[in-house]
Amino acid sequence: MSGSQSSGSPGSPGPPGPPGRSALVVYGSETGNAQDVAEEVGALAERLHFTTQISELNHVKPESLRSYTIVVFAVSTTGQGDLPANARTFWRSLLLKKLPPTFLSGVRFTWFGLGDSSYPKFNWAARKLYKRLLQLGADEIYPGGEADHQHSSGLEGTFIPWLAGFRKHLLDKYPLPPGQDPIPDDVQLPPKWVLRLRDQEAASEDVSPPDAMGAAVTGDFPDSYRLDNDHRPLHDSLTATLVQNKRVTPQTHWQDVRHLILTVSDPISYAPGDVLTITPKNTAEDVQSLIEMMGWQEQADQLVSLVPRDSTRSTNELPSPPIHSLDSYPRLTLRELLINYLDIRAIPRRSFFAAIAHYTTYEMHKERLLEFTNPEYLDEFWDYTTRPRRSILEILHEFDTVKIPWQHATSTFPIIRARQFSIASGGELKRTSVGGARFELLIAIVKYRTVIKKIREGVCTKYISNLRPGSTLKIQLQRGGLNSSVGQLVGPTMLIGPGTGVAPLRSMLWEKAAIVKSYQEKNPGVDPPIEPTILVYGGRNRAADFFFEDEWQQLSDLIKLKVLTAFSRDQKQKVYVQDVIRENSSLVFNLLHDKGGAVFVCGSSGRMPQAVRETLTEAFQYGNDAGTQPFSRREAEDYLVGMEKTGRYKQETW
C-alpha cells in the first residue's frame, strides 16, 4: 500500500478539479489488497483531474454517495462469502428494510472484487454488494471486474486490463475541458502526508542512536527498537506475553512449525474459528541498511511528526493519515517509524516502482523502473518481483541511485500489515490459571529458496521465530468465518485439515470436549447426547508432522473422535486427504447425508479444497451402500450446494 493517496471521510474535498468532476473510491479490505486496488484507482482518477476521496467503507454514509460524479467499490471476500470487517457497518446500513428502491437513485458506480476461486463463494461479497446497489436504484456506469488469487498473474492479471478499460471509459464519458490533459504517469502526484522534524527544542532532546548492527532480539537497544518488547499504540490491539514458542517438527524436517502460547491479563472470550492477527516489526539491521542506502543518518534518530502536506486545510478537510495512532507515540524517531510501521521487506506492487522512479536521476535506472509499471511487461514484473519473492530492500540495493527523501517515507513504503493466524485453542485451553485469556497458535515458519541465492523468509514468521518466552507482542482478535454452532460442535461433523490447517479444528475439538465435560458434571452417569466427529488429517510423515497426535488419542473416547490420516511421503504411492475420503466414502455418506452432518475444510487454498470438494461429490454418488437409488453427478453437486446454503459446508483456507 502506498500512503500517498489515502484520504479521509467523504465529503471533505480534495484539491479542486473541474466543476462536477469528483470521485469517491471506497474499499472493504481484510489483508490490504482491496485497499491497494482502491489507491491505484484513486491515483488514476486524480490524474484525470477528478477531485478524489479514498475511504474504507465503514467511514461512508450511503446517502453521501450521490454527491460524487462516480463511486468505485473495491471489496475483498472473507470467511463464508462475507464482507471484511471494515465494510460491514456500511453493508448493514444497506440492508435496512425501510430503504425504498430509489434510495440510491443518482449514484453512478462501478466495482472490483477480490477473491479466491478455491472457495465455493468466490467473490461473493462484491457480487452481493453489486446486486444490493442495483436494488436500491444505483446505476452501474462501467462493468465490474473480479480478481482471483489463483490467477497465474495474481490480482494484477485481471485488475490491469480492467483499470485500463475504466480509464478509457472515464475519458470517453467525462472528457476533460479543452486545453487540459491527463497528468502524465511520469509526473509525481504530491503526497497527502509528509514527515517533518519536530520543533528545534524537541529535536534537540537526547535520543541516543543505538548500535543498529548489534543483536536484534537481545541487543542493547532502547525498548522501542527491540523485537521482543512491543509497545506500539496500534488500534484495537492487545499486548500479549509469549509463554511458549516451541518447534514441533524435527530439526531434520523440511519445515519449521511452531506451537505458540500467548496470554493476556483480560478474560477475553473467543470462539472456534476466530483468528489472531500479529503485526510484525523490521529488524534493526535491515533498517540500518536502508538508512545508510538512503543517506538518512543525520535524521534517523531525530524526533519526527507526520503532518498534512497542505497545512492550510481545515481539520475536517484533512485526508486520513496513512498510519493511525502515531499522534499517541510519545517520542517517534524516523528509525522507530521504520522499525515499527513501514514494510521495507514487502514484495512491491507496480505502484512502488512508479514512486521510486521519481527519486533517481540516472536515466537507465529510471527507464528500467518505469518498464516494471507498464502493463505490457507484466510477466517481466512478475519474474523480477513476485516469482523470486524479491523484497523492497533488495530492489533498492540493486537500484542504488534511488534516493528517497525521508520526508516521503510514509508515502513511498507500504505499511506493515498484520498477519492472520487461526486460533488453535478451545474449551479449557482458553483460560490461564489466574483468569486471563490464553491463545494457542500453530504457525509454519516461511523459509524457502527461489532463483535468488539468499533464502527467502516471511516478514511475520521471521519476526515470530526470533521471539523468546517473555516477549511482548501486539495482537488483535478477529471473529472468524467458520461460525460453528453448539449444535454443530456436538452433532455429526467431518473436519478436514492437513498440516497447520488443523489449528482451527483443534479449537473445535477442545470446545466440544468442554461441552461434554460440563454435561457430565451436571448429569453424572448419563451419556452425553453427542454424535461422532471424523478428523481427516494430512501431512508428509507421521513421525515428523502429525501435530497433536497424543491429544487425538486423549479425546477419542470422550468426544467420539475418529481420526483418518494421510501421510504423503511414508510410502511409495503418495496419499492425500482426498484419497482417504474416497476410501471411506460409505462412512462419509452416512455421516453427512444420513445423519445430516457438517463439513469444515481448513488449510492451504488451491488444489486441496478443490480436490476435497470433488471427492465429497463422489462420496455422495457412490458412498450409499444402503441399496437405495444412488445420486447422479448433478444431484450430488446440488446436495453439496445445499449444504453450503444451510451452513453445513464451510471452508477457511489461506
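Any Cβ shown, glycine's included, is placed from N, Cα and C.
For 1-10, the entry in Swiss-Prot reads compositional bias 'Low complexity'.
The region 'Disordered' feature in Swiss-Prot is assigned to 1-22.
The annotation domain 'Flavodoxin-like' is assigned in Swiss-Prot to 23-167 on the grounds of sequence analysis.
According to Swiss-Prot, the feature FMN binding site maps to 29-34, 76-79, 114-123.
The annotation domain 'FAD-binding FR-type' is assigned in Swiss-Prot to 235-485 on the grounds of sequence analysis. Mean pLDDT for the domain 'FAD-binding FR-type' (235-485) in this predicted model: 93.
Here the binding-site residues are SER29, SER76; the one with the fewest Cβ atoms within 10 Å of its Cβ is SER29. Cβ contacts within 10 Å of TYR119 (FMN binding site), excluding its own Cβ and spanning all protein chains shown: 24. By the criterion of other Cβ atoms within 10 Å of the residue's own Cβ, the least surrounded of the binding-site residues GLY32, GLY79 is GLY32. Cβ contacts within 10 Å of ASP116 (FMN binding site), excluding its own Cβ and spanning all protein chains shown: 22. Using a 10 Å Cβ-Cβ cutoff, PHE122 (FMN binding site) registers 18 neighbours.
When secondary structure is read from DSSP and collapsed to three states, SER76 (FMN binding site) falls in the strand class. Across the domain 'Flavodoxin-like' (23-167), DSSP helix (H, G, I), strand (E, B) and coil residues number 58 helix, 35 strand, 52 coil.
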